[in-house]
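J.: Annotation comment: TrEMBL describes 29-72 as DNA-binding region. Annotation comment: TrEMBL describes 27-71 as domain 'Homeobox'. Annotation source TrEMBL lists domain 'TLC' at 74-275. The region 'Disordered' annotation in TrEMBL covers 281-327. Taken from TrEMBL, the feature transmembrane segment applies to 83-103, 123-142, 207-226, 246-267.
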Amino acid sequence: RFIAKPCAITLGIQDSGPHRAQPNAILEKVFTAITKSPDAGRLEGLAKQLDWDVRKIQRWFRHRRNQDKPTTLTKFCESMWRFTFYLSIFFYGIRFLWTAPWFWDTRQCWYNYPFQPLTSRLYYYYILELAFYWSLMFSQFTDIKRKDFLIMFVHHLATIGLITFSYMNNMVRVGTLVLCLHDASDFLLEAAKLANYAKYQRVCDAFFMLFGVVFIVTRLGIYPFWILNTTLFESWELIGPYPSWWLFNGLLVTLQVLHVIWSYLIVRTASKALVQGKVSKDDRSDVESSSEEEDVAPSSTKGVLSTSSNGSNPLNGHVPGGQCTGE
């Protein structure tokens with residue numbers, strides 16, 4: 001309210017929503033009580049009832065769906081909050097772990113386990129991360145619903161489960177490594193969204209490409225060969241198959257599966273960007289373009305860096321001319 005909003009206004013982002021649909025009692029009743037996306041048969045019936053053409057009714061429903069979505073200013077403020085948190089917690093984690101012996105030798109995560117001290121800095125690191133992911137879990141149900149809703153829900157569940165479980169079992173050393181690794185790329189995606197909302201196309205594309213590289217390196221490279229290696233093999237060797245070993249590693253492997261799915265989507269988006277010269281549609285998004293833009297170019301290649309008003313992962317409108325628009 002006092003930082004992000006003034007920054008957005010300074011960058012020229014207006015607090016104005018999408019074009020509002022023309023008031024119509026019959027269509028409004030269908031929209032609120034029956035369906036927000038009528039099929040061809042219902043469209044034909046409404047066209048005869050109102051003496052409108054089908055295209056006009058389709059345009060009305062698009063307008064009506066879009067007018068309920070948050071404004072660019074709202075999404076900018078939310079992304080700026082996430083960017084601030086991810087960047088701050090990442091540097092806090094790096095500063096804390098730089099002097100930690102298990103950061104340089106993962107076998108230190110299991111020496112003298114479970115009798116390892118819990119320092120105040122480690123405690124606050126854990127509590128801050130846990131609180132933030134709980135907030136993401138709840139806000140997901142009030143944000144724009146996206147195609148990766150279920151994947152994000154599973155991700156938040158697995159993350160909260162891992163943080164809580166590792167804390168209860170004093171596996172906080174390896175837990176800090178997992179947290180820091182995941183924070184390494186998240187702030188870059190939020191930076192891309194901020195540049196997108198401010199309409200800095202090249203900056204948006206650069207941040208998104210950098211995000212993709214860091215994401216793939218950390219989630220498909222460092223995570224399996226550094227984190228999973230120590231939790232699956234080094235822990236087995238040093239302390240044996242403790243009772244919770246299977247659950248703990250099952251959650252970590254679940255995260256790895258999600259990493260593979262997201263990496264595929266990122267690579268597909270990046271490959272389209274290389275071909276089209278812009279960041280194209282993020283396949284995780286389930287938001288549609290505005291009716292005016294679809295009327296002008298219903299099948300054109302319109303750029304979208306799609307991101308929801310929540311964060312994960314994951315905008316309202318396709319902007320032609322290479323502009324990167326995202327949630």
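Using N, Cα and C of the backbone, Cβ positions are placed for all residues, glycine too.
Not measured: the values here are computed from a predicted model.
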J.: Other than its close neighbours in sequence, what residues sit by the transmembrane segment (83-103), given a CB gap under 8 Å and a spacing of at least six beyond its ends?
T.: 109, 121-122, 125, 128-129, 132, 173-174, 176-177, 179-180, 183-184, 186-187, 190-191, 193-194
J.: Take every residue in the domain 'Homeobox' (27-71), average their pLDDT values, and give the whole-number result.
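T.: Looking only at the domain 'Homeobox' (27-71), pLDDT averages out to 80.
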J.: By a Cβ-Cβ criterion of under 8 Å, what residues six or more beyond either terminus of the transmembrane segment (123-142) are in contact with it?
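T.: Those are 85, 89, 92-93, 96, 149, 152-153, 156-157, 159-160, 163-164, 167, 172, 175-176, 179, 310-312, in sequence order.
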